[in-house]
Structures are given as C-alpha cells and as structure tokens.
C-alpha cells in the first residue's frame, strides 16, 4: 500500500466513503480503504494536507470523524472525533502547523483542535447554513466562511469573538428588492487582502477587506446555473469556476470577463483545484470522472473513471507528470539499487566498478578505432572488436 | 509491321516531352511512305482525346434529358452487376455447402460502438455497493412499494390526458391527477406525505406530448426525458383487448453503462417487484442508440416452440435529457448527467446509456 500511495499525485474523496489516489502519469487509480465494510456514513466531505511536506492527509467524513492518512505508509494512522453528526457534515478542514486541526460543520460551528486533546481549544459560531470554510494560504490563522443567507466572514482564529471582516449584502436591485446571499465557495487571492467568492446565483464577487467598502468590489456572472466551487491558478488574474451543470470557465478577475470554458464534463462539479505551479486544473464531480485540463489550450489532458461520485479533491504540489515518471524510472533501477544499498554494500561496490569498467572499455574502443583509421594496421585484439574493424575497413573502401 | 511501330512509340514519347516538336516529326515522316498510315491513326486518337477529357463524368453532359437517360442506364448497369455478384456468391455458397465461410456480420454503428469505460462489470464490488445503497435500495430490498402520481402540464390537450390515462393502466398503483396549475416544488412535499414513490409529469408543446419528468421520491433522482412518436391505443393496428390489472413483467434491454444502470433502475422501480404471470403482460424498455423504446405486450405460448405476442399500447420513445440528483429542482439542483449536444453526440458511435 505504501508504494502505491507514494505514486499518487491526486487524492479524491468519494460519496461511498472511499479515499482514492490517482497516479496521473501511470494512469492508475487506487482505493485506500478496506472494501469489506464500506458504508455511506464514511462519505468523505473534506480533504486537506496535514503539513506542508504533504506526507499526511486529513480526511473529514460525514459521521464527524477526522482520519489521518499517511501517504508514506498508505494507510489510516489515526481517527479523531471532531464534532457530532448533528452539526451536519464538514464543509471545511484545515491544518495549522502540522498538528492543530480546524474543522467547520454545516451548522456553522468552527472548532480548533489542538493535538492530543478531545476538547476543542477554540469554538466559534459562523452562522447557519455554512457552505464552505477555507484557510488563507499565507496566514494559516485566517479562515473565511460563508453560506446561504450567511455572507462572507473572515476570522482570525486568535480573536474568535468577532470576525475580522464581514461582507455586507449587495445593494437592493433596481426594483428595490433585497438580493439574497449564497456564498458557495471562496478563495484568498495571494499577494493581496482580496477574496473571491462564487455564489449560488451564478455570480463571482471580489471583496477587498483593506478598503472600507464591505460590498463586493467587482461582480461578474457566468452562465445561469449555481456555481459550486472555484480555484485560483498559479498565474494570477484569473479564477476557475465550476457549476452544477458541468460547465467550468476561466474568468478574468480584472474585468470579470469569461476567458474560456473547459469542455468535456457531463455532470455537476463538486471539487476543483488548480496545481500550485503547473497550468493545469483538476475537476471531479457527480459524473464520477476525474478530469485534468490544461489551462493554456483548455484541452482535457487526463480523464479517469473512478466508479463513485466524487466529493472533493486534493492535488499534491509536486509536478503531476514527473512524480509518476520518476517512480517509473526508479522502479527499474533506483529502487533496486537502494534496496541493495541497504542490504549489501559490497554488491553495489562491484556494480560501480563494473560500470567504471564499461566506461573504460568504451573509451578504449574509441581509441582503437581511431588508431585503425589512422594506421590501417592490425594488432592482436579481442574478437569482438575485429568485426568492428572490418566494418571500419569496409566503410573506408566505400 | 514491327518496323512501323517503332517510330510511333518514339512519337508518343516526343509528344509527352514537347508538343511543339510533334508537328515537325509528322512533317518529316509524311515524306516516308511507311510512316504515313500510322500517323493518320495517331491523329485520330488525338481527336478522340480532345472530345472526351480523361475525367469524364455524367454530370458533364449539358443536355438534361440525355444526362438523365445516361444516368438511368448507368444505374441499371450497376444494379445488374450487383445482382450478378450476389447470385454468383450464393451459388458458390451452395456449392461449398457446409464448408462455406461464415457470413459477414454487417457493420452497424451499434456493433462498432466506442468502448465506454463506465460499462458496469457485474463483479465490481464498489459499483455493487454504490448501487446497493442508492436511493432505489428501499425498493429493491422490498421495503417500499411503488405508488405513482401521473400528472400533466397545465391545461393539457385531450391527447395528453388520454396518454396519461393509458400510462396509468400500464403502471400498477398509478393515480392520474389534474395539475390545477400547481408548482411541482409544492406538489412534491404533498406526494411524499402521501407515500408516493414516483412523480411523473407529461409535458406537452403545441398539443403534442413531448417531455416527461420522472422524479423518484422522497429523495431523488429526477430524470428528464424527451418523448416522441407517441401512439395511443386507438392508433395501434392489430392491438389486443385492453390490459388487465395484473402486475406486468418488465424487460430492460441494453442498459450497460453506469448511467444506463441508474436509468434502468429508475424504470424498474416504477413497477411492483412481483409480476403476476397470470396476466401474461410485459412492459419493455428497450434501449438502442440512447433511445428508449417503450412497448406493452401480451404474450401466449401457442405450443412448445411458438410464442404469440399482441401489442396492447401505448407506444412511445424516450430520450434522456438530464439526470438530476435530488427531487425536481431545475434551477438549483445538481445534475449528475446533462446531455450536451454537439459535444457528446459528436461521435456517432459513442453512446451514453
């Protein structure tokens, strides 16, 4: 299991409670779960990395448990109960500094769990019907929440009493009717205080907490169906959004125009994540496929059928293609060598010598050939090289 | 004669190379007595070439009548040739008897189908678990019995009403209600309170039934179909007497992919699980090229080999438009599958069900 899990560069949580790992370059998918007792209670709702080195995964399931999955060992190492099912399922999961876990449930209970304690160290109420909680990539203590009739709020976990920023509702429309709120997903824009949100009313909003204006700075619309998730690509100024009809679009954040749509999906998008360095975006959803699109030419690069509906998705920060390729190469040579290194040092020594010999021989051969070419004379030499020489001669005659 | 042929060949070569030189050659050889007649032939062939260009086709004939005649002739000839070949083949087959090679299977877009990776493997544990715990599991485990509410869009045409009534005779425990201008989202909670397991809405456009919403209750999924070629009982020739109230048997054909399985289960759960074989009635959902054909028959075993069937009607064709998770909510619902025209049906050999 450990070997398998080390190969995987994409992690997915499914509705049937199975954690899936996909190795993109080898085009293989693995299930990390004992298939004997599957149950819908273990439906995976949230995934996040435990530490920046990405050796451990946090898996939030519907029954209120947070499991730790080690990618090195390829198995679940720890199960912790973080909240009861009455709170609703997890809408967000985050880790601070490799030990502290932040969980947020649908009912709006946001809890911070320190290591080795069954009681939450901090608890705050983010309001009802929370749809998503996200952590800031730069300040791990900052989280944002939002949901249905529950505007965007940014919290500092050290000041749990009051949100740092809370968005104001949109201005009434031209008929003087109130405009409803429904934040579905949000993201912190790196290198600035700004946040992007997408709503159930197919809008994309940008908020800027650094200004006194609490209403969105920019509003853009895409399509006519509720947007479900968004993600920010590594190259700035754009955002990728997905909706319930399986449409994914690239929106420009400067003017809010659609830059392009990604095709090929057949069902609603549930999870969307851009790679931290490459221009690719991975999407999963109700059509049971993992698709990886290139953001430059907007073509599907990979498409993997994973058998159950997928809820969430997590990419590792390593290069998607290279990770598998390295492993493939290593499977032939490096892994074996390492094992031998551990077992018997002398064997490897010999091997190194052999390699050296081979190199020398090659050098000698080249020399000989040159001599032959120069002098055109024959000296006593091993049989292998005679034929070569003959070849040389023939070449010369030609 | 050998002697005369040689210069001709040379001439041809020279003609190929340079047409200007040709004239000179002809004048030169006109003087020689032997070359004369050969040259005449050559000029004739040249003339023929100019009148009929090498890429001659019937469409080059300008006279319409003549062109038509020639075309008919050409067609007839082609047909004759074809028949001859077929006869010849048949004869050969007869002559060979048992040793004849097996007949070739004709190419159809179904047997040339592009492989779909979602095709369900019956031994797959994960899919089995997924299907075993989905929304229909209550029905398939025998916990709930189907109860169907059939209704129409607002102010239906009599044909749509008749269609609903006839559907209600096919599906046991189906109740037809007048819509009364109610919103579906308000109807659904009332249906759930009254233990209905299905809500079926027939939509019409220009007095022709053209859509069907099939919503499984209490918690989805909802499928939206296009309905076409509806034939009511009256319009079917050689139909049997009206169906009895026995529970029919159900045949589901060709639902092979994962999506197809969900749709098949959706149809299966409309009917009670224990068919009454006394009625000898069968409802068939046959999927072919993503079109689902519905037929309702009565059968009889005439003797050990022969079976007689009698269509009872109605008859219609369905095409899946979308499959939505949860009960009917076209605005905010999450779609499991949506037909995207020009994107999904770009390949004619790719099928979704």
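Glycine is no exception: its Cβ is also placed from the backbone N, Cα and C atoms.
It should be emphasised that the depicted structure is a prediction, and the values quoted were computed from it without experimental measurement.
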Listed range which TrEMBL flags as region 'Disordered', given the options B:76-104, B:105-133: B:76-104
Outside the compositional bias 'Basic and acidic residues' (B:94-104), six or more residues from its ends: residues with CB under 8 Å to it: none
Contacting positions for the compositional bias 'Basic residues' (B:76-93) when only residues 6+ beyond its ends and CB under 8 Å are counted: 100
Helix, strand and coil counts within the compositional bias 'Basic residues' (B:76-93) (DSSP): 18 helix, 0 strand, 0 coil
